[in-house]
Amino acid sequence: MAAYLLAVAILFCIQGWPSGTVQGQAMPFMEVFERSVCQTREMLVSILDEHPDEVAHLFRPSCVTVLRCGGCCTDESLMCTATGKRSVGREIMRVDPRKETSKIQVMQFTEHTKCECRPRSGRVNSGKRKRNPEEGGAESQVPLGLTSF
């Protein structure tokens, strides 16, 4: 057993840890950059958020994975936006607590197929504040989504 653990440790030292980096070292810039760009990525979405008219039922699981656009654009005036979408089915257990019944059924969810960085439309106030040096250190409102990240 000790020989096996030593072999695994040596292999990780030679090839790197599964995350793509050697333990204790920083992730390389190109890997960080590639992971952060605007692209489709698997995300969890709440079934009730996607189907708000279904509040009379319970769902198992209560959320599902779908591809959605996410990531950073090169300019803060741009936002990662879905330019292609499709409907996908997921098998969900629908529970009716009043009747004490349940059944497996297919529910439809929107999945993103293509993403692009596009100009932000409409500014919504998020309540975040940013220092405005021109006003003697007073704070000014920052529109939603115009902060880093």
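Here the Cβ of each residue, glycine as well, is placed from N, Cα and C on the backbone.
As the structure is a computational prediction, the values presented were derived from the model and not from experiment.
If you go by Swiss-Prot, C115 shares a disulfide bond with C69, out of C69, C72, C73. Among the candidates C13, C117, the disulfide partner that Swiss-Prot records for C73 is C117. When the candidates C13, C38 are compared with Swiss-Prot, only one is recorded as disulfide-bonded to C80, and it is C38.
Long-range Cβ proximity for C69 (disulfide bond), meaning a same-chain Cβ under 8 A and a gap of 6 or more residues, is found for C38, Q39, T40, R41, C80, T81, A82, H112, C115. DSSP assigns C80 (disulfide bond) to a strand in the three-state reduction. The Cβ of C80 (disulfide bond) has 20 neighbouring Cβ atoms from other residues within 10 Å, across all protein chains displayed.
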